[in-house]
Amino acid sequence: MLFARLVLLLVYLAPGSLAKPASTKKRTQWDQIAIDACAKELESHKFDTDVKGRHATLCTYEPALGSWLHCAKDVLDSRKKSKKIFEKTFSKINQYCHDYHKDEVVSNEEYYRIFANASLFIRPLDEVKENIRYPVTPNKASLDRWVWAYFGPLDNIDKGNVYGVTICLYWIGVLFIAAVYHFLNFSRLKQTVFKNKVSAFLRGHYVLPALVHNHAMSVGRWFFIGLVPTRLETLVLFGYVLLHGFLLSSYNFDHNELLSDRRSQVLIFLSDRAGILAFAHFPLIVLFGGKNSTMTWLTGIRYTAFITYHKWLGRFMLVDCTIHAIGYTYHAYIENYWKYVKYSDLWTSGRHAMIIVGILVFFSFFFFRRHYYELFVITHIILAIGFFHACWKHCYKLGWGEWIMACALFWIADRILRLIKIAIFGMPWAKLKLCGESMIEVRISKSSKWWKAEPGQYIYLYFLRPKIFWQSHPFTVMDSLVEDGELVVVITVKNGLTKKLQEYLLESEGYTEMRVLAEGPYGQSTRTHLFESLLFIAGGAGVPGPLSMAIKAGRQVKSNDSHQMIKFVWSVRNLDLLEVYRKEIMVLKELNIDTKIYFTGERKDESNTEEGAIANMSTEGRLLTTSKSAEMITDFGRPNIDEIIEEAVSGAKSLLVTCCGSEGFVDKTRELTAKRVLEHGDKWIEYVEEFQNW
């Protein structure tokens, strides 16, 4: 996606896109509220003057002006505002009275003189009904109604700004708690603190399990498919949804309806609040949608979880945008100003933003991500460009552009870090070899001593061929056991990029060399030395992560002469996979790691010919006569994961279960591990899932 990223960078650097928007300011200015509320209240009474015009009486008739100043002072004093705020009302009066004073600006000293003079003669307004000839103080109850009427709309916007920050603080709190929990992994303190029945109950019921049964495996049928969060992710999202709902439901309406009726207030207040909250989602969506290697390192939250939060934040941003758009559109119709605003830049950019974000969310459905991933990525980036630009145009005269600026800052920082990772790795040659019918082995010579990947980490590979150079996919990376300074990536052929690589290799007689770029590494390696027992479970092509981690743990045990128990279990149905990883499996055995390989290939019935008689041998016999890799197989059929986990935990005080495989395989392992956590509250059982699906 290099081209699309360059396009996005150009959009951000375009002069029009970087035009400085109006800054977001506090709207509740009490000097303004006091002046406006007092003007409304005083102008509802008749002073002894015949001057005409807006605020003419208050500006030109000194008893009225003195009343205005005293009224404003009383309003500000009741809110304990400073003398400086009171003096700001002088400049507001100068603005309102400019037409009557011509080019003359009344000084603060003159206003204080008028105020002092009025203090000598001021009376309560209730004592006179008409033709007022002296300064008066308005009825407090009547004045307060006007104060509240002006305060409500401004306070609503200010609260929206505070609530937008509140949403961000909620997620900062989530990240902080995750970071504290994660950094306990660097010591045995975590096992001491959390090794009890209460912790086991919480972890077994709410932290580890999927929401129902599926997490990695999609649910639904046909177009309506999707991924379900874990229970912990669901709890985090549920807290966010509750907070979001509360922040959309608290308003200070003017029940006296002095400035507008209740319907208009509901529409405007709700629309303003929703619009501000929508903008507050910008930095969170970009932050969680990036590769976030730093965020993962700090918090221990997997990329899959960040993408889950990214998706749900995007959906609720769409909800906020929809409320904002429908509310203002309906208000424009009922107040009969739609025809005057519908073609303005403000409304046009708002319509464009709504259309774009709707299409963006639609093409983000899991159906497109699964079946048309490259289409999804292209449309996602291009539509994001359009949405950001439309929102920028929509708000640059109003304020709230700071949210988009923060969003751009996170995006640029993420891209810079990714480019640095690519630059550090360099552009080495890679050797590609076709292994069997559905696998490609990629061997890459590391060209930089600064680049290092830990077991279980993955990289995004770019193959520099004309038709595919712009595509990248994540692959788990391993250090070669044959050549120092060489990385090994084994690719399972599916559709898209991997299919094109397979076709190119078939044209090249199964082998070729090409230059590659690598972005990463991402993910993190688990601190296996903190556990008494280690269980690595792999299914099919999900073996690289658990296998490399098992080898590293075995070497640490050997060098430290420790008594850590390590078991490696691999369920495989493809002999080609066994051949690809034969050297690594042999290393496991050399390290005396308990290795169990279960072959789940289908049994085939052949004819009863003499050749068929050989084919009708037991599966074990056929394998032993057809493959050198068959000698590594220890069992046939599916492994009993439940028994394997129970066996691993029974002889240890702490257990780490690491799993990677197909969707159903890892979901089942997660469920069974959570079950064991509940059963063994006196032991520390941790589960690490290497499989990632988004």
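Backbone N, Cα and C atoms are what each Cβ position is placed from, and that goes for glycine too.
Within 10 Å of the Cβ of His310 (heme 1 binding site) there are 21 other Cβ atoms, across all protein chains. What Swiss-Prot lists as heme 1 binding site is His310, His380.
Annotation for His394 (heme 2 binding site): spatial neighbours Leu346, Ser349, Gly350, Ala353, criterion Cβ-Cβ under 8 Å with sequence separation of six or more. As annotated by Swiss-Prot, heme 2 binding site applies to His324, His394.
The FAD binding site annotation in Swiss-Prot covers His473, Pro474, Phe475, Thr476, Val477, Met478, Asp479. Of all the Cβ atoms in the protein chains shown, 26 others lie within 10 Å of the Cβ of Val477 (FAD binding site).
According to Swiss-Prot, the feature NADP(+) binding site maps to Gly520, Pro521, Tyr522, Gly523, Cys660, Gly661, an assignment based on sequence analysis. Under the three-state DSSP scheme, Gly523 (NADP(+) binding site) falls in the coil class.
According to Swiss-Prot, the domain 'FAD-binding FR-type' annotation covers 409-528. Here the domain 'FAD-binding FR-type' (409-528) has a mean pLDDT of 89 out of 100.
Residues or ranges marked as N-linked glycosylation site by Swiss-Prot: Asn117. For Asn117 (N-linked glycosylation site), the same-chain residues that are 6 or more apart in sequence and have a Cβ closer than 8 Å to its Cβ are Glu62, Gly66.
Among the features that Swiss-Prot reports, signal peptide is placed at 1-19.
If you look at the topological domain 'Cytoplasmic' (185-222), the same-chain residues 6 or more away from its ends with a CB under 8 A from one of its CBs are 228-232, 234-235, 300, 366-367, 370, 526-527, 530, 653-654, 663-664, 666-667, 670-671, 673-675, 677-678, 680-684, 687, 689, 691, 693. Taken from Swiss-Prot, the feature topological domain 'Cytoplasmic' applies to 185-222 (among others).
The feature topological domain 'Cytoplasmic' is assigned by Swiss-Prot to 289-311 (among others), with similarity to another entry given as support.
Sequence annotations record features per position, and here Swiss-Prot assigns topological domain 'Cytoplasmic' to 425-694 (among others) based on similarity to another entry.
Cβ atoms under 8 Å from those of the transmembrane segment (164-184) belong to residues 190, 193, 236, 239-240, 243-244, 247, 276-277, 279-281, 283-284, 295, 298-301, 309, 403 of the same chain, restricted to positions at least 6 beyond its ends. Swiss-Prot lists 164-184 (among others) with the feature transmembrane segment, giving sequence analysis as the kind of evidence.
Look at Swiss-Prot and you will find 223-243 (among others) tagged as transmembrane segment, backed by sequence analysis. Listed as Cβ neighbours of the transmembrane segment (223-243) (distance under 8 Å, sequence separation of 6 or more from its ends, same chain) are residues 166-167, 170-171, 174, 205-212, 214-216, 305, 308-309, 312-313, 316, 365-367, 370, 693-694.
What Swiss-Prot lists as transmembrane segment is 268-288 (among others), and the listing cites sequence analysis.
Sequence annotations record features per position, and here Swiss-Prot assigns transmembrane segment to 312-334 (among others).
Feature annotation from Swiss-Prot assigns transmembrane segment to 348-368 (among others).
Annotation source Swiss-Prot lists transmembrane segment at 372-392 (among others), citing sequence analysis.
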Stretch of maximal Cβ-Cβ contact with the transmembrane segment (312-334) [cut-off: under 8 Å; candidates 268-288, 348-368, 372-392, 404-424]: 268-288
Distant-in-sequence neighbours of the topological domain 'Cytoplasmic' (289-311), which means Cβ under 8 A and at least six residues beyond its ends: 171, 175, 178-179, 181-182, 185, 227, 229-230, 233, 236-237, 364, 410-411, 414, 417-418, 421, 519-524, 689, 692-694
Max pairwise CA distance, angstrom, over record-listed NADP(+) binders Gly520, Pro521, Tyr522, Gly523, Cys660, Gly661: 22
Residue among binding-site residues His380, Pro474, Thr476, Val477, Met478 with Cα closest to the Cα of Cys660 (NADP(+) binding site): Thr476
The topological domain 'Cytoplasmic' (289-311) - residue tally per DSSP class, helix then strand then coil: 17 helix, 0 strand, 6 coil
Cβ-based isolation winner (fewest other Cβ atoms within 10 Å) among the binding-site residues Met478, Cys660: Met478
Secondary-structure category, per DSSP, in which Asn117 (N-linked glycosylation site) falls: helix
Euclidean distance between Cα atoms of Gly520 (NADP(+) binding site) and His324 (heme 2 binding site), Å: 40
Reduced DSSP assignment, Thr476 (FAD binding site): strand
